[in-house]
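Pulled from Swiss-Prot:
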{"type": "BINDING", "residues": "CYS72, CYS74, CYS87, CYS90", "note": "Zn(2+) 1 binding site"}
{"type": "BINDING", "residues": "ASP462, ASP464, ASP466", "note": "Mg(2+) binding site"}
{"type": "BINDING", "residues": "CYS816, CYS896, CYS903, CYS906", "note": "Zn(2+) 2 binding site"}
Amino acid sequence: MKDLFKFFKTHSNGKIEEFNTIKIQLASPDMIRSWSFGEVKKPETINYRTFKPERDGLFCSRIFGPIKDYECLCGKYKRLKHRGVVCEKCGVEVTQSKVRRERMGHIELASPTAHIWFLKSLPSRIGLLLDMPLRDIERVLYFESYVVVEGGMTSLECRQILTEEEYLDALEEFGDEFEAKMGAEAIQILLKNMDLKNECECLRAFLEDSHSETKRKKVSKRIKLIESFILSNNKPEWMILNVLPVLPPDLRPLVPLDGGRFATSDLNDLYRRVINRNNRLKRLLDLSAPEIIVRNEKRMLQEAVDALLDNGRRGRAITGANKRPLKSLADMIKGKQGRFRQNLLGKRVDYSGRSVITVGPYLKLHQCGLPKKMALELFKPFIYGQLELKGLASTIKAAKKMVDREESVVWDILEDVIKEHPVMLNRAPTLHRLGIQAFEPILIEGKAIQLHPLVCAAYNADFDGDQMAVHVPLTLEAQLEARALMMSTNNILSPANGEPIIVPSQDVVLGLYYMTRDRINSKGEGMVLSNPKEAERLYRLGIAELHARVKVRITEYKLDNHGRWVDKINFVNSTIGRAIFWMIVPKGLSFDLVNKVLGKKSISMMLNHCYRVLGLQSTVMFADQIMYTGFTYAARSGASVGIDDMIIPTKKVDIIDAAESEVAEIQEQFQTGLVTAGERYNKVIDIWASANERVSKAMMDNLATETVINSHGLLETQASFNNIFMMADSGARGSAAQIRQLAGMRGLMAKPDGSIIETPITANFREGLNVLQYFISTHGARKGLADTALKTANSGYLTRRLVDVAQDLVITQDDCNTFAGIVMSAIIEGGDVKESLRERVLGRVLAEDILKSSNDSDVSNSEVLIKRNILLDEFYCDILDEYLIDVVKVRSVVTCDTDFGVCAKCYGRDLARGKLVNKGEAIGVIAAQSIGEPGTQLTMRTFHIGGAASRVASESSIQIKNQGIVRLKNVKAVINGQGKLVITSRHAELKIVDQFDRAKESYKIPYGSIVMKKDGELAVSGEIVAYWDPHTMPVIAEVSGFVKFIDMVDGQSVIHQTDDLTGLTSIVVLDTSERVSSAKDLRPTLKIIDVNGYDIFIPGTDISAQYFLPGKSVIQLVDGSRIISGDVLARLPHETSGTKDITGGLPRVADLFEARRPKEAAILAEISGVISFGKETKGKRRLMICSTDENGGENIYEEMIPKWRHLNVFEGEYVERGDVISDGPESPHDILRLRGVHAVTNYIVNEVQEVYRLQGVKINDKHIEVIIRQMLRKAIVIRSGDSDFLAGEQVEYARIKIVNQTLEREGKVKVSFVRNLLGITKASLATESFISAASFQETTRVLTESSVAGKKDDLRGLKENVIVGRLIPAGTGYAYHQKRILKRYSESYSDSKLKENLIETIPVTADEASANLTELLNAT
């Protein structure tokens, strides 16, 4: 590795040395000596009297360089003319003092010591290499036992551990035929004597023969380690140190404090200990002291070196005078305060300031108000330059004086300097890229920065004391970027979902809402006006009110095909306010957009529409006008909240009385024993929840409307002008739920443990709470605050992990020409469309042509509607809607074929700009920010099922909402005695479609449901189409016949029970655990036979109709009774699934991205086949799936399943691979393994979206797909074919793809592999770049691993380039990196031409060649 110091040394011609990769490897003792400028022999630092460094000490000037610039220590040589002279008296070279920051020293250790990282960082590299347990190695290192280093002709094995006694015995027995040592030197000899190549070949041979999975794993780990040593030219013995480098003194300074004391870096203490112990050891060795003393000293030296490298990794940490552990070298680089995160990834910058923000309602969108004082300080260099240029100051010093005195001319120049010079405003926490935007500054008096109200949403800022930072871009390029890319006017759309983020809120919304409302019998109603100007005049003169219904002549403009404005004049029924508002609407929008009551949603839609139709400039000007108008009319409206606005409904008393009497009734039933305690509790809570709903409905109905007599003398209802209602209805502030607490009832509250208290708060805030009610409600309030604090930290950590996993994903090419993609359709759950197809595919690129007639039998001649590779924008989405297309295959990031990066077509639209994404866009970071930014809005809690939530869990029927045709999917069913369908399949679905076969609703139907409609029948809205018993799972007879009981021995395998209430007798099957031992093998079964006693076969199969009954089944038949297909043979009661917690909110998102296996995950079928159950063990059942292949050979898969798992399948049932056998949350790893990449993508996308949708947050699917691509970037090699990979090795998927292409060209055997899903933390640490991984987490482990393997970092990602201080290979830095790569290739190309002429070219491995090729392709 090039020394870090020479890294940025400039050449003689002043150019910075170019480097393309950074390599990390072990340092050999010779290399450490070559870095060093001399040996540190004494532990002294500086002389306490003269304050000069001691010679040969830790701060020695002779080794490290002078303290003052160009001045030796004794003062003989001073000043520049003696540059380079070495003083003969004090031995100091005369040079700059900054060399003390880069010159290193070294310590020659008297005895070798092990490097603690390679010993203790798990898995221990030394242990793995020597194949010895860590305990044994530690005992050797810390002088507790001997290790045999040379066995000779004796019976002792090499690397055998001997205790003191065993060693003495062996000495007596064999004399000096063997050699055993202790301490690091023994380990060093063992490492030195290793023949790596030979060892590797032996292990590979062993790997071929071995069949034990664990041994193979261990051996392949060793092979990887040994190979990495061979490839990287590292010698194993370098893991043991003979020479210790000493850090340059200015990086571990000794600072004099006042009062004669010194503040020092902890490293100096640690070094002192090492030097002291080392010198003592040298002396003891010279004196040939007794072995036991020397040993003790060697052990202490080993401990001192351990503490210096990584304090606290082994044993207790060494503490300083103040009892806190000393900060070692390892602590310097890891953690939030370490080198990586504190100094390399986040630096403080010059030319910045911060201040409180206030509102600037008169600013334009691209402006911000900057206090004069601040501007003067920030723009100083520019002002100095201008003062000199204009000849007002002769020198910079004079200019500085003028500015300090704040002369009047300075202010004029400041105005000049600031003109068109953007500044950047940033509000912490910067959760997404809109947290920093550029504005043009306007100088203002005062000391607070003024911010435009419309950008508050992007910054998440409010004016309750928030502070913001200002940064000044200095260079011309920086100013250009700030203006072109970061100006607030260029960031109208949110990168997360493509909707406008410059949206009015609060006052502005209220103003516009008030302005566009209509009121019956307003002054001036029924007037006819010639134009909007007249409307404004009448309003100003007080002739007409704002809400008066009038007729106005409106002129609308539309662009024709030649780009000319065409006007269209209409008479429209409207109001005065809307006519006035029309005056600010830009040309090209229709009056329909304005001619309605404008709430927050409709204003947002209007701006979005304006952006798509008229472009950026009009939208920005319109947004500003909307804001000014909104503020004006909000002030005019005089809307404010008074206590009389909270109107309590009169029905409230009755509703609460009714609820109380219902509760009393349930209480009585409980006391007579009719209901259990749990049922009583649930019912009480349900009663109160519905009472609360009724009260709030009564309250809202009361608030929302009022009835008035109109001009015709008739009653008419209109929306009320109640202030609180207007604020909620417009979306300005507040919501129905909050109004309910003000004027309805507060409702049910939770206890600290999350359970719901069954007595609700019946009062509201207007009536006031009594003491008990207040006490109950304090808990919730407190929990809310605690939650918020937790949430912020957790959300921040999630964002950090997401950014880290996705940071190197950049758009690198235009089109990868893949035909792959994912199939998208609308998401329908139950009766409502959660997300329409239009919303999902907008801004995506088609992967396949869309044909006009999708249901036409002859596809070949049907016309192409939209070609593949077309970006679906609003226009094409309208076509999709028009032709009723409901399934579209679109390109996706997950299926993109680009090797390192993604192509623009697979990504689709850049949401923040509204057109196809550009090359160099850092889509990974944008995706991470889009998912992480709303993280703070998610909840932290896990939901306990119980009370109100339990009603949802026990639905028992399907009631449809829209009229339509019933379609049944995946249905196996039998027809019962009443002619109804009884479902006997597991994954049945019921859809309601319209006459064009578009799905409107979709429901899952459980096994045993009775369906009232047949496929293709019409159902009307509100009709119940299917029902089932929610509390039991039935066993359904698939044929008619007579029941025959098998193995049902009373008292052994079954018992009879009689119900007290009904007097009916039923048979209950005993669980195997409850049976006597003799009955364990009985398998209670119901068989269906015909009149003659023969088996009946299930139609269409050769399986006889017999049903094995699981434990706890209840049978209400008698042996031999007649049954009809579709009858219920037995019922299995659902165990009341206690309170299973549903993880929701932020923890759920984190679990999904970390790909955690859920507790009690669903069990899926590993292969397709027929289910059977084998012999049971104590706590488990043996599930067998038997499949037949084409040749008729049987293939059996076995799995042991815990008994308490509730199985969804019966014996003899056929399952498909990936089908659910036992319910539970599905594990994404299983989905990937059994159903493939598309299924796991769909699963994660839908589950994550589910959480965000609950909070009303919109995020585009493609962001989640970007993260999933990164989670899937590794694959596991199964068979290595003709490649260099090892079986079981985890390799980048892109690497395998490249190697396979090469192998295919050469006609060799390809690598077979499976995709591997890694959680985001694992995936970040498994990245190819060690710099990126080390700066993320587990720094020690990453660096240890990389240095042993001699890893190279190609600086491909963003993070690595930030750390080495370069432009990032994304955005405007993308071109710079492309140039560098091309230059590098042209240079290496010309070099290789030279070499070709001289000698045959060096053979390149297929890997390297293909990697270079793809890199070149990506680059060009």
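Quick reminder: no glycine exception, Cβ is built from N, Cα and C everywhere.
The model shown is predicted, which means the values in this text are computed figures rather than measured ones.
Feature annotations (Swiss-Prot) mapped to structure.
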{"residue": "CYS72", "record": "Zn(2+) 1 binding site", "Cβ contacts under 8 Å, 6 or more apart": "SER61, PRO66, LYS78, VAL85, CYS87, LYS89, CYS90, VAL92, GLU93, VAL94"}
{"residue": "ASP462", "record": "Mg(2+) binding site", "Cβ contacts under 8 Å, 6 or more apart": "CYS456"}
{"residue": "ASP464", "record": "Mg(2+) binding site", "Cβ contacts under 8 Å, 6 or more apart": "none"}
{"residue": "ASP466", "record": "Mg(2+) binding site", "Cβ contacts under 8 Å, 6 or more apart": "VAL356, ILE357, ARG427"}
{"residue": "CYS816", "record": "Zn(2+) 2 binding site", "Cβ contacts under 8 Å, 6 or more apart": "CYS896, ASP897, THR898, CYS903, LYS905, CYS906"}
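Of all the Cβ atoms in the protein chains shown, 17 others lie within 10 Å of the Cβ of CYS90 (Zn(2+) 1 binding site).
Those same-chain residues not listed among ASP462, ASP464, ASP466 yet with C-beta within 8 angstroms of the centroid of the Mg(2+) site C-beta atoms are ILE357, ALA461, PHE463, GLY465. Taking each of the binding-site residues CYS87, CYS906 in turn and counting other Cβ atoms within 10 Å of its Cβ gives the largest count for CYS906. Listed in chain order, the residues near the Zn(2+) 2 site other than CYS816, CYS896, CYS903, CYS906 are GLN813, ASP815, THR818, ARG891, VAL893, THR895, ASP897, THR898, VAL902, ALA904, LYS905, TYR907, each with its Cβ within 8 Å of the site Cβ centroid. Surrounding the centroid of the Cβ atoms of CYS72, CYS74, CYS87, CYS90, where the record places Zn(2+) 1, the chain contributes additional residues within 8 Å, namely SER61, LEU73, GLY75, LYS76, TYR77, GLU88, LYS89, GLY91, VAL92. Around CYS74 (Zn(2+) 1 binding site), the same-chain residues six or more apart in sequence whose CB sits under 8 Å from its CB are CYS87, LYS89, CYS90, VAL92, listed in sequence order.
The 10 Å shell around the Cβ of CYS896 (Zn(2+) 2 binding site) contains 24 further Cβ atoms across the protein chains shown. According to its DSSP assignment, CYS87 (Zn(2+) 1 binding site) is coil.
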